[in-house]
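One structure below.
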């Protein structure tokens, strides 16, 4: 396999395939972004990092000027309406603030700005036009002020998730409404009562359903056919299934998305993240606790996008130690002209980021620091923008220093330095520089500092 032969697992075909762009001069990717009503939690960040990594690889293979990446912002949604009602704030105030938070937090994780970040509310005319086309083609109908997609009118519905419509009805929680012809039919447009966001349309004042937003924005910015559509696997059904139905029925001459990619979900310490378990936290929570964005990114990249990812404190501490060691090693080094072939080979093999990280470790062991720096920077690591945190680790060693001083004081009296030596050895093994003088004890985290190993200090 050559370095430029990119292979990706296509959810639609359930196979790993050689990626052949529709137009190598204009490689196009659409990724479903956040619904902006609150801070992004750690799970929201995973697709942002995964598809940022793919964006970087596509830019490396085809050239930065030949790749277009669209990641939308959903700023019209019932969750946003509910938050506005709870807080008494305007919807625009909430969506502007939370969009800003999201972009700041994702930038802190080293994600490059997408080519386009469209807000759904800026594309209402395109949504209305697409809905009109679907009605005219016999794929949608008006009922009680709603416009609904007629799922039975699209024979290929269910192909992405591999389920028949009847199976879906049996196994899914579908919204039952008297105006639906079929339980699986979904809303394209719904009426808005006073006090809710609404736009004039042929069907009265209302707002779009969730699924039509992405179909309209991707069509407007990328065309009837484009290369890659990505998102979390929780979006595979119904969101992506519905997008395919809408887009292929509105524009049957196009192919919509050629390759579909889905990242797996995130857990915390082996359990699903939830507020009830007390293990729910946002990206900003971690950043405010002093966990560098680069460390969060490194932990994310340590698991293949197709596997469930487990965020643990141990992984966080290990990532911090590795990055601190690498940053100390490459200080003053100029990066090689390109990433190491071994790292690139892993990345073009279905975005094998854990394999690429293993190759970074090998480059470090081999002393190939220019190669390490260039390769890590391709992966969004070891850049100047992501640095600064490593010079003064966010750790308080004052209690350990006081304890060692106490043990040392006792040892001077008994002439038995066994415990002093044991503590000192454990601290050094954890990457801590131990400085003892008449003035007292000073503990300084070194480049290989690993907080996880402090547990061994007795």
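Glycine is treated like the rest: Cβ placed from N, Cα and C.
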Checklist entry - motif ''HIGH' region' per Swiss-Prot sits at which of 23-33, 34-44, 45-55? => result 34-44
Item to check | Candidate ranges 257-261, 262-266, 267-271, 272-276 [criterion: Swiss-Prot lists as motif ''KMSKS' region'] | outcome: 272-276
Checklist entry - Looking only at 32, 214, which of these binding-site residues has the biggest number of Cβ atoms within 10 Å around its Cβ? => result 214
Checklist entry - Of all the binding-site residues given, 243, 275, which residue's CB has the most CB neighbours within 10 A? => result 243
Item to check | Output field, Zn(2+) shell: CB within 8 Å of site CB centroid, site 32, 214, 239, 243 dropped | outcome: 210, 211, 213, 215, 229, 231, 235, 240, 242
Next on the checklist: Using DSSP and collapsing to three states, where does residue 275 (ATP binding site) fall: helix, strand or coil?
Outcome noted: coil
